Every structure is written in C-alpha cells, then in structure tokens.
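Some notes on the structure that comes next.
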C-alpha cells in the first residue's frame, strides 16, 4: 500500500489520469470506506459511537410521524477554498473586484425591475379577467333577478369558476407541482440552505404566474401576494446565473456567480423584491428576507437587497400609474394597497391598547384553529389525494363550492345599503330597492384584495353585523379548505380578509356596547383584526409589522400592530406552530432553526455526528471513487481527505500510523463527476467546468467509466478545500449548531484531539433535535 | 518534568492548590512561554514565521500614521464552554430557560421605558432652558433695537452661551472624557466587539445627559439626537447587569446575563431604543443596531430589539403628549419630528429623480469636505489641545463665536417676512416693520431642531435666497468646528440643518429657473438636501433611509431618499471615509469591517497570526501563571492548553513528543486572577465568582501571591474551554476573517495538521489589513 502512495507523486501529480499497473493494489485495500469503523479514531470511543449509529430507515413511512427526510440535500453557503478557487481569487485584482461588485448591483436592479413588471402583469391580467367575469355574472344575475331563475346564475358562476380553476390546477398538477401553494415555505427552505428541486426554475415561474392569475380569477379564497415572493426568487436565481436551464440558453454572463453562496444572496434579494412589489413594502421585504433566510448579516448584501426592493416597488408603481392614466402620480406602490389611514382621523388612544391585545389573543386562537384544521386536511390529502387528477377535481370542487356559498350568502342576505359614490366595484342590486346594493356582495362578489380595502375604509354602518359574522364564518372554512390545494395561491389576503371581517364586527360591537362614544371607526378595528388573524396563522412578527406599517402608510400604527402580532404569535404558538413551519415539517424537510434547542448542552458533537465517514486519500484510484459515489447510502456529499505523502516531504509523515489519519482537506462529489467527464481529455480541470455544470452535476451513474479508467489515479489536492471547518468531538451541540448555522455550512468535520476524522455533522444531524412539549426530542430519519 | 506531570493527577485534581516540593521543577522548565518559538510547530515553518513577527512597536507615536493601538481589548461574543458553564447549562431545565427568556423581554421593556424617559427629560429641560435663554436675549434685543447699543445684546448672548457651554465642557473634560461627542463611534466599536473603558457606565450617562442639555442650551451647532444612542446603550448595559459599579449597588438580579455575549445583545437593544426615541423611528433603530453592530443575525434577538425600540418611542410619545397637554394624542414619536409630509401636496414625479441624484452628488462632495476639514481639525486637537482646560477654553470660544456669527448675520440681514400664524417661536423684529420678523433669525435664533422643521415646512417665499446661502456657509463651518469639541453633542441635526438650508436654496433656484412651473415646494428639496448632507457626512444608507422615512411619516419618499443617500455615499467614499469611521480610525481602534479586504486571498492564517503563543499545561504552577500574566507584552488574554496526562489514561499520550503539543483547550486570564483571589480559601471556584467580578477583573499585579503559593499547582481542566474554534494554518485570510467575525470571537487558535498550536489570531491581526488606494495595506501596531 505504501508503495502505491509512493508511486503517486513520482508519476507527476499534475497529470490527472495516471495509469497504474492494475495488479498492485489488492482489492481489500480499496473498499469504499477505506477507514473501517474500527479504525476511525481512538479505540475507546468506538463502542459509544456504534450505539449512536442511525438505525436502518424504513423506505416508505407514514407522514404523521416525527421524522426527517434524507432526500433533501443542502446548499453550501461556504466557498470551497480549493486551489482552483484560490488561484482565481488571487489572479483577480482590485479593479476586477469592483467590476464584480458593480455587476451585483446591476443584477439587483434587474431583479427589481423584472419582479415589478411580473407583478404588474399579474395585476393587470387579474383585474381585466376578473372584471370580465364579474360583469358577465352580474348582468346575468340582474337579468334573472327580475324574471326569476337565479339558479341559472348560480350555475353560470360556479361553472365559470370551476373551469378557470381547472386550467390553473391542471398546469400545476401535471407540469410543475412545486408551483403549488404560495411558495413561501419552499423559499424559506431554500434560504435556510435546503435544496428543493425545481424551485427556482423558469418553468416554475411561468406556471406560478399563470396559476395565480387563474386561481384569483377563478374566485378561490386566495391572494396573489404570497406567490410574488416565489416569483421574485425565481427571477433572481435566473438573472444572477445568466442562463436558463428550462430554455437551454446560456448568455455567458455573470459566470462568477454560479455557486450556492452567490445564488442564495441573490435569491434573498428576489424574495425581498417580491414582498416589496406585493405590499409596496421595501423595508418589510428586506426584513422578510432576513427574518426568514439570513444567517450571517452582511451590510453590503443588505444594501443590495434593499436596492432591489426599492426598484421593484418603484417599477410597479410607475407602470401601474401609467396604466391607470395618472402617469406621474405614483400612487400604487404594491399589488395591494391598504389605502390611506389618516392618523388624525383614525388615531388610537392608550385606552384602546388592552383591546388590541385582546384582539391579538382572538387572532392567535383563530389562527391556531385554522392551522390545526389545515393540518388534518393536509394529512388527509397526503394519504388519499396524491394523484394529479384527484387534485384537479378537488380544486374544481372547491371553486364550485366557493361560488355556491357566495351565491347563497348573497341571496339570503337582506343587508341593503345605499350606493354612495363609486366605492363599490360591482354593486349587485338583487332584491334591494333601486339605488341600493347588497352589502354581502361587496365581500363575496369581488376580488379578495378589494374586499379587504372595503372592510378597512367603508364608512361606519356599511355592513350589518349579521353579514360580517356569516361572512367570517364561511370565509374561514373556505380559506382553510383552499390552502394546500394544487393551485398557485397565497394565504396572506384570505387571512387578512377573515381578520378584517371579524375585526370590523368587533369594532361595531364595541361601539354598540359603549354607545358609540369614542370608538367611532370600525375600519381601525378591521385593520387590527386583519393583523391579528394573519399573525395567528403565519406567526411572523418583525417583518409583518413593518409590512403592515408600510402598506397602511402610517408609522404610528406600528406600536399597536406590533403588540397584536406578538400576542397572536405567543397565543398561537401555545397550540400549534405557524402554517408555513407546519407545512415544512409535513414535508420532513431538515430545516435549521435559529438556535439549537436550549436544553441540548448535554449533547456533544460525538453524539450527534454521523459515522462512519467515507474518507479518501489525496491520490485515489478512480475505481474506488466511482464505487463510493455510487453507494448513496454512505454518501455525505463531502469527503474528508486524509494525510498523504506530499511531493515535498514524500514518505515520512505517513509512515506513522497515527499521523496518517489526520485531516487534510474536504472534497465535494462534483469534483469526481467533472473529473470523470473529462477523464479522457487530458487537460486540467478548471473552475469554469464546475460553473458550467452548476447547479445540476450529473450523477456518477450516468458517466461510463471503463475498466482501464478505473485503474487511473486521481489527484485531489487541487480540488480539496485544505482548510475545512472542524469541531472537536467534545463540543456541545449548541456550539456545533452555532458554527454550522452562522457560516451556512454543508459539512462539518468532527475531529479528535489529534485532528483525526471521527465523524461528520450535516444538516440532518442538527435538524434532528427539536424542543418538543416534554423537552428535547429526536426525529427519526427516512429515505422518502 | 514528566515526573511532575505524573504527580498532578495522583494528588487529587479537584483540589485546586496542591503543595509540591519546590525543589522538583527546575527553573528552566517553567519559563513563561514554555513552548519556545523554535518548538512551536513543524520546524520548516519557523523561518517564515519569524520573518512575519511584528516588529517592536514605538511607545509614543504620531497620530497621522496608519496604525492600530494595542491598548484596546476585545469583547468575547462566544461563550467559553468550560466545565462550570456546561454544568450550569445542563442543570437548567426547560422551564428555567423560559424564565430566562421572559427576563430578557422584561429587560428590553425596561430599556425602552427608561430610554424614552431620559429622552423626555432631555427634551423638556432643553425646551425650558433654551426658551428662557431666547426670551431673555430677545427682550434685550427688542429693548436695545430702539434705543441703540445692540453690542450689549451681543455681549449678553455670547456670555450666556459661553458660560453654559463652559459648565457642559468642564463636566465632560474633567469628569468623564468618554462622554464627549455623539458617542456613536464608541457604540459602534462596542458593538463591533472592542472594549472601550467607561463607555457603558452610569457616570457616563449622567455626564452625557447633562452635557448634551448644556451644549444645546449653550447654542452650539449641535443636536441632542446622536447622544440618545449612547444613552440608550448605557441604560441597557446597566439594567441588564442588575447593578451599577458607579453607585456600588448590586441588586442581585439578572446575574445570568453577566457576560459579554448577553450584555452586547442588550446594548444593541439600547442603541436601537435610543435611535427610536431620538427620531421616532423604531424600525430605523433596529436597522441601525444591525447595520452598525450585529454580526450573526438572530431572529429572537431582533424581535427583542424591535420591542425595546417600540416601547421607547411609545413611552416618549405618551409622556410628551401628557406634558404638552394633549394626553391621548400621541403626536410626538421622537425628539425630532420632521412634521407631516403629505404625499398629495408634496409628492414627487419621475422627472425629479435625476435632480435628486444630483443633490446626492452635491451632498457627497460637501460631506467629504466637512469630513476632510474635521480630520485636519481633529489632528490639530490631538496634537495641541489635549489638556482639559484648553479643551474647555476652546469650547467656550466656539460658543461665543457661534453667538457672535449668529448675531452679525441677523443684524446684517434685511430679509423681513410677515408673521403668519404662530409658526415662528421667537420672532425677532429688529429693524423690520411692525408685524414682520427677521427671517435669518428663524434659522439662527432657535434650537437647530426647530430650524430644520421650519426649513422643511415654511411656505414658499419665507426665505430670501441670500439668507439661505449665507446661513449654509456660516453654519457649515461652525458645525465642522464644533464636532470634536469636548462637549456631549450630536452631528445629525447640524448636518440636516446645513442640508436643509442648501436644499431649500436649490429648490428656490430651480423654481426661478423653470419659472415656477412644477417645482413649487422648496420644502421637499430641503428634505432631500438634508438627507444628502447627512448621508455625505455619516455614510449610512439603509438605516438612515428608514429613519428619514419614519421621521417624515411618508413611505413614498423612501425611493428618492434611498437614491440620494446611496449617491452621497458613493461620491463621498471616493474622497474620504465617513465621519464616524474617520474618528474610529484616528483613535487607532482595531475595528473589524464586514468582510476581509477583497484582495486578501493570498494571505493565509500562518502569515497573519501572532507568534509565539504562550501555552499552558493543564496542571500548571501558580508562579508560572503569575509570571505569564504579569508580562503584558506576550499576553493575548487567552492561553491555549496543551495535551496533558488525563486522569484516566495517565502517561501514554504525553510520552509521545508530537502528540504532547496538540491543543486541548483555551483559558481566559480571569480564571487565574479569580483563582489567585481565592487561593487561600480552599473552596471550589464557581461560575458565580466570575459573574460577580464581571466585567472588571482585577489585574494580577494587584493580588499578592506569596512564595509558597507560587509553588502551588493549579488545575485548569475545569476552566478551560475544551472545544475552542481553530483554523488550519493554510486557511486564507477571508476564511479566517469570516469565522472570526461571524462568531464574534476574541481568540482563534491556529493549528497545524496535527492539531498543534502554531499561533493565535486576535482582532488586531485581522484589523491590521485594509484596502487602501493602492491595494492591500498593513497598519502598524503601537502600544498607545
């Protein structure tokens, strides 16, 4: 064995494929994990380690158990500082770095502009199509109100809705299932460092945009705001890479940014731009990105994110202003605009604060109820509705039921209000007197965004308490049923709408109780109710406070909104977790929270790490490498490289048993794949090869390696990161967690006191420990 | 030597002071750095290392050179996970952690309330005292205008100012010099991890508050907003520790938080609360804290910071509302309120954006000029005005000159305006007709806060262009001369005032040029000018944008303000750095920026680290330790502990030469000091001992160690952190920097492939490398 190692350097290390006589190495020396468990480290540790080895996982698992899926891979936020990388970085001078920096800003501006334009497109198309639909139905209802036979109108409405939603659902279910829902859980995972397949592809964006338009036009209880975040993220990922795999186009620009670190930074900016366009909330967008995604805070990155956000809302504002004919007015900063909350007219007093806190409690309870119902529904869907056609049928059913419920509610309502000005978009007269309209219809017969604004700003007395109560009840269940359907749709607006309805009801009740003394304006309570309900469902605090502040354009509302959101979060967390976290967990994603569980100081790296680790030598036989990569069960996607004879010092250090096992570096698997791809071309591998292949490196199985090639030797010194981050095996879990999370690592090598590899910590090892009701709990791992 | 090591464990390790026959260890074995440089690591490395050793530093150095001071110590943001700490953390159960969490929130609420109250106090006292002063002077001027002899009024005004400023300057210069200036550079340093003596003491707070009141009342060109940030930070540090060293009171609460990590988190919250109270900008406060201080972003911490900020502005708002008689109105969210910028009346159009960018360029140039002038002035002060009495005299001179300039300007001005309503606080009639007032006096004869608001909101035509031009010119130089005086004072408001003045002038010129077509409102230009000037001086972008947005209460201004601030920053950075950074650099503080210099990939840990490192054995002789601690030149305030015979495995590993040098842990110096304090009491050291002594551990020289005690053995295993963070010596500087900065470390041990200590990286080793005009430059180190 030593003879072989000795032979390596003398053959010229820079030549990558070196024929070696196949007879020399005996088969036994090259088993995939060439350090067998027993050899790994101090002998006295191995007993403990073996007990901690993960038990064999079941292949198919029921979804109600606490488990983590092994199918998700990690992004690497840490640059692998291998020789190729360092050579490039050292070659780049100061001026070139400035060019790179300028490119980053240009990309951020482009992200902002494109996100804003996509938001405009969605807004304009939805407005026109929904307007068309409501006018058709309204004419029909008006016609049949007089001559009877409104059931035909109901049929028309339900059919229109169901058919539009069918199209929206078909494209999602059959073409790109990852475009379903709001996309916020997926983006949270991506920013957290979990690789979700297809999540930032152009195809996903197209399906998402079309899907959300069709869902909203189809009259489902959904919003178009949440999906903007996903859209922004896809735009960012696409632009920053300068190519599209869906279109198979490579523009040969921005190649420097083709790695996880840079891409993730841009995706943060895209998500922020999405929030900014959706709510006209650039600061809220930055905070959303940071709250949901960031780990290490970097000033320059945050500036760029802010820049993208600002450009995004500005683009949307300009284009929509031009579209609406008041070109230089800039009055539409976001897809939804909560309208003007004048602090003089709608100010709050200190006495109202306990009432707001009470509303927060209500919001927390209702939010938890929403989440719990949705949890059961999602479990049901996972078990029984997993075929695409069933999913489409369910979506159509929901669309038809939504229309039917709306129609019945409007039909049964006797809440007639006089038409004042032009605040009502599609006033349904139905059985009301001339010059009056059906008040229930302003809530049901309208896009949800408009209903929210109406509830905030309609003058006191526009709604009958009965109307509001019935609406809240019905809409609550409809929205709950709708979230999780196989359509692109957001949950922000329905939540706000439910909250605004019961908030307004609450405000009206208060003014009845106090004989209308001080609490004259129910719109303020509608706003607080909306905040409470949304907070109770999604459990965001800082970013949501700022988003609401910016959407209302009123800074003084910040304090009560913050109190309401915090209360809603605390109360809601007492029962179940937030909707997004719940869905992330139902997907068994290895999501890393902000801190390790507080009571985990008793666990050490030795107990949480995975063993055995497949290690490699610095000069390794291609056959060995191929075998290791093909064996997915022992594959951590990162291989420690151990001490080897160096060209300069030849044998001596490795003659010594102990020293021979000390860590020298870490190599990612794509090196071998790229190397194998190029194995016959005898040229040196360049960083460009990795960038061109990023992010979809082919699996090793797809590359044919001949028997001759298997006997070649591969030199890893150029490709390994010679200074991987390590932790001693005695480090506590919080310490390991902090290092892993703060630096956004993918692998963390655990070493003993002599720098010998004893194990490896990856995302799943850390995500496995959670704080449950009875203290620390450990999730099991599964291949699904 | 081995015999002694063998003796250690057998004597019972838990007993901390073990008498050993003094004859046994030969003196040579226990020289302070017992690993002499030559032994440190692989022999072949030492040649290179020795070349890189810092050259001997001069003891007194001129301040215009590029250098770093060695006198600043680092805070440690990383918990030392020693045995005592882990034992405590493992003992604490889930419920107890919840209590700790609740305490954190309570502390944040208290920080917010107290910061708000302090701001109220400053505001009310300033308003009354300044009101008194201006009334006295006004009466005097009115009296002498008619009968002649205005020179007496000038004398009165100048004397009043100079005497008030004298008191303010005396308390700062003689009692607490660290209270001088705005305190923002100091807080930036503290949050960055640099220990600045006295910066968060109660005494500093008292001097700061009194000082700022006296400076503002004394009519200097200063604001009271900047110092609020420092005040909030001190309040936070005090409350979170549950005691005051200035008062010598210990309330025996919040003892869990007595360490750098927790204290720094609370200080972030305090700084945010300060910004929030100063500008009524809670979100801006959070972003300020993050932009200036944070490294690792933690969601929970950010929520608490936001909570403190909100409470702070709410407290201020409530108390000031009550004070002003409109109890439930909540109309004073901050010390300065820019007044209502109505988007309908004062909206902007897209065509104006290039003009705003041009204003950003002007602001950047003027800001750079301000900073450059102030740089020379500061150099002059460092060289010639370092005695406190000279500093007081300079402050008095500036006060008198400010009054004189103001008086002369008012006297010479012929800009009379009719009095409309009650917008002018102290209308000076002087030589104007009855019913008119002198327009120059609204700018000079007023607190700067009121002048800013006047410039923003006075109707078009309130100011003559000549008046604005003269005012800008004079105030620019006065403010520049004032910043850096030995008084407590902020630079925010004077900067805003200068900018508002030239911005308004710019707006007026524009409307002349375009014949008053569209640009009717000069107030908008005053706002942009103010942003440009402030941005050009302090070079903040994100947080300043949000602060301005919140202070104007207008979200739509966000985009142009951001553009203006970014332009000002880019243009300003082309010439000199920001004012705060400049002053930090003039103090030679080892400040760590966000990223390592871009072109530093060619440097490795081996080249930047300090060597030799003083290492200790796990069981060490007290005399050795005392000698090491007394020798401050080789003292890194952290000592690697090397491999030692463990109680369980006795001799074997250490018999081996190579293994014997591998890293086992890291101990901070306070361990020895505390141990020495307790050396005669034969009880076990507890975590509480460290907490009681935190943060001012006595120097080892202050403790008498007898010859007998010197021969005792001390066991470090309980106190050492067994898993310190390490980097391999091949790691590049950016990699080392990232680890150090992201985790907020104080020491980073550099090891070779066998985990043997080869050096240590501390803050100064990283701060030393900077990106200059000609690429990477290295600062020299000095003891001052």
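From the backbone N, Cα and C atoms, a Cβ is placed for every residue, glycine too.
When the ranges B:353-373, B:416-436, B:437-457, B:584-604 are checked against TrEMBL, the one recorded as transmembrane segment is B:353-373. Of the listed segments B:128-150, B:243-265, B:266-288, TrEMBL assigns transmembrane segment to B:266-288. Listed ranges B:73-92, B:333-352, B:393-412, B:613-632; the one TrEMBL annotates as transmembrane segment is B:393-412.
Beyond the transmembrane segment (B:300-323), the same-chain residues lying 6 or more positions past its ends with a Cβ under 8 Å from any Cβ of the stretch are 104-105, 108-109, 111-113, 115-117, 119-120, 123-124, 232, 236, 265, 268-270, 272-277, 280-283, 285-286, 289-290, 329-335. According to DSSP, the domain 'CBS' (B:720-778) comprises 16 helix, 25 strand, 18 coil.
Of the two recorded stretches, the transmembrane segment (B:393-412) lies close to the transmembrane segment (B:154-175), with three or more CB pairs under 8 Å once pairs fewer than 6 apart in sequence are set aside. Using a cut-off of 8 Å between Cβ atoms, the transmembrane segment (B:525-549) and the transmembrane segment (B:353-373) share at least three residue pairs, counting only pairs 6 or more apart in sequence. Residues 182, 221-226, 278, 336, 355, 359, 362-363, 366-367, 370, 443, 448-449, 451-452, 455-456, 460, 463, 465, 468-469, 471-472, 475-476, 478-479, 482-483, 519-534, 537-538, 579 of the same chain lie 6 or more positions beyond the ends of the transmembrane segment (B:491-513) yet place their CB under 8 Å from a CB of it. When pLDDT values are averaged over the domain 'CBS' (B:720-778), the model yields 85.
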